[in-house]
Amino acid sequence: MRGTLYIVAAPSGAGKSSIVNATLARDPKIALSISFTSRAPRPGERHSEHYHFVSAEEFQGMIAAGDFFEYALVHGDWKGTARQSVEPQLAAGHDVLLEIDWQGARQVRQKVPDAVSVFILPPSRQALDERMRKRGQDSEDVMAQRLAAAREEMLHFEEFDYVIINETFDTAVSEMCAIFTASRLRRQAQQQRHAGLIQALLD
């Protein structure tokens, strides 16, 4: 059976990456697709682990070649998901998770209408501001731009299937795991996964 595509998006500072990493540690059945980006690595980030870091020229070349499943300009830098990291895995029956922004999520839903999408929100604007400032990686001007962009991004939460409020980290991770479990228990998925059993029960 074909794998399920999961989309997780959030404004910067909402804790998306931490929640995704903790969830994947609990649920090894899902593979994380590593995005490409034209921005420079931040302290502690490693190529091919956090992102595939490429130049803006290389990214534009990949766009021209049709290499991307989705891509978008985010905070002045390009980010995208390569087709090769998604389509073959889904066809082979593997579940794939995309950690992307709302623009990319919109593109993906147009291509894969049955993708399961999750949006993560902070518990308050104050919490969002504090979390972003704790990173200490950006100047005040860049921080102000990111905060304004985050508020704009949150307007798109209604486009998603599920919404998680990241007030308590462990609770948010448990809720993400529950979404994955519920997705696997949908009737269509169970009919495909247990076709033989269901047929035997009904004969």
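Just so you know, glycine gets a Cβ as well, placed from its N, Cα and C.
The ATP binding site annotation in Swiss-Prot covers Ala10, Pro11, Ser12, Gly13, Ala14, Gly15, Lys16, Ser17 and rests on sequence analysis. Lys16 (ATP binding site) falls within a helical segment according to DSSP.
Per-residue confidence over the domain 'Guanylate kinase-like' (3-181) averages out at a pLDDT of 93. Under the heading domain 'Guanylate kinase-like', Swiss-Prot lists 3-181, citing sequence analysis as support.
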Among Ser12, Ser17 [binding-site residues], residue with fewest other Cβ within 10 Å: Ser17
Residues within 8 Å of the Ala10, Pro11, Ser12, Gly13, Ala14, Gly15, Lys16, Ser17 Cβ centre (excluding the ATP site residues themselves): Ile120, Pro122, Arg131, Ala150, Asn166
C-beta crowding around Lys16 (ATP binding site), within 10 angstroms: 22
Neighbour tally for Ala14 (ATP binding site), based on other Cβ positions within 10 Å of its Cβ: 26
